[in-house]
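Enquirer: After the structure tokens below, expect a handful of questions from me.
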Amino acid sequence: MAPCHIRKYQESDRQWVVGLLSRGMAEHAPATFRQLLKLPRTLILLLGGPLALLLVSGSWLLALVFSISLFPALWFLAKKPWTEYVDMTLCTDMSDITKSYLSERGSCFWVAESEEKVVGMVGALPVDDPTLREKRLQLFHLFVDSEHRRQGIAKALVRTVLQFARDQGYSEVILDTGTIQLSAMALYQSMGFKKTGQSFFCVWARLVALHTVHFIYHLPSSKVGSL
């Protein structure tokens, strides 16, 4: 296993980072597709649609063509929330990472580098909400290249964010992840994050029953030990 070190993002990392984001989102489409196929409304469509068409038209061929054509449409639906997220992100905070994450104190973006390749990343931005009683940091875009997983890189990146939050005087760290991202949820919970709720991040996610789970990590000011 090649050594890996975590450092701040540089502009020369952009191509690597965008690639990680795109690949990381795309790899969730198959699991989303399998989940979509199990939904009651999908089963009704897959079974009832062709049957209804057969009864109306009397054509087995037409019913078969309709049934087969449903699968590309469902695959499109499974991919859409993830492509939508990538497009949205590349138009907002990831459009200029240096400006969004490194131009002001209290925010940062890190990459994990191994053998001169960026194999992981994570960002952190302050939560701008005047109604909050506590100073809160939000973790964004935790990704590790598929070939470098199970090496502790994701945990090291999360620890980097938590330590940064301590150093900057934050009281809480929050993040969002999908219900379909089981390994990510297990990681966060093993590190002390607690669920606070769930929602849908876009209409496409609602269509495929893809919930976003919200987590929080409390950093009491009196706690000075290691993570």
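Positions of Cβ are set from backbone N, Cα and C atoms, glycine also.
Pasting the relevant annotations from Swiss-Prot:
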TOPO_DOM  1-42  topological domain 'Cytoplasmic'
TRANSMEM  43-63  transmembrane segment
DOMAIN    61-220  domain 'N-acetyltransferase'
TOPO_DOM  64-227  topological domain 'Lumenal'
Enquirer: Near the transmembrane segment (43-63), which residues from the same chain, at least 6 beyond its ends, have a CB less than 8 A from one of its CBs?
Expert: 37, 70
Enquirer: Could you give the number of helix, strand and coil residues in the topological domain 'Cytoplasmic' (1-42) as assigned by DSSP?
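Expert: For the topological domain 'Cytoplasmic' (1-42), the helix, strand and coil counts are 29 helix, 4 strand, 9 coil.
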Enquirer: Using Cβ atoms and a strict cutoff of less than 8 Å, what residues sit near the topological domain 'Cytoplasmic' (1-42) while being 6 or more residues removed from its termini?
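Expert: Sequence-distant neighbours of the topological domain 'Cytoplasmic' (1-42): 74-75, 77-79, 81-83, 85-86, 89-90, 94, 97-98, 101-102, 108-115, 117-121, 141, 143, 145-146, 148, 151, 153, 156-157, 160, 178, 180-181, 208-210.
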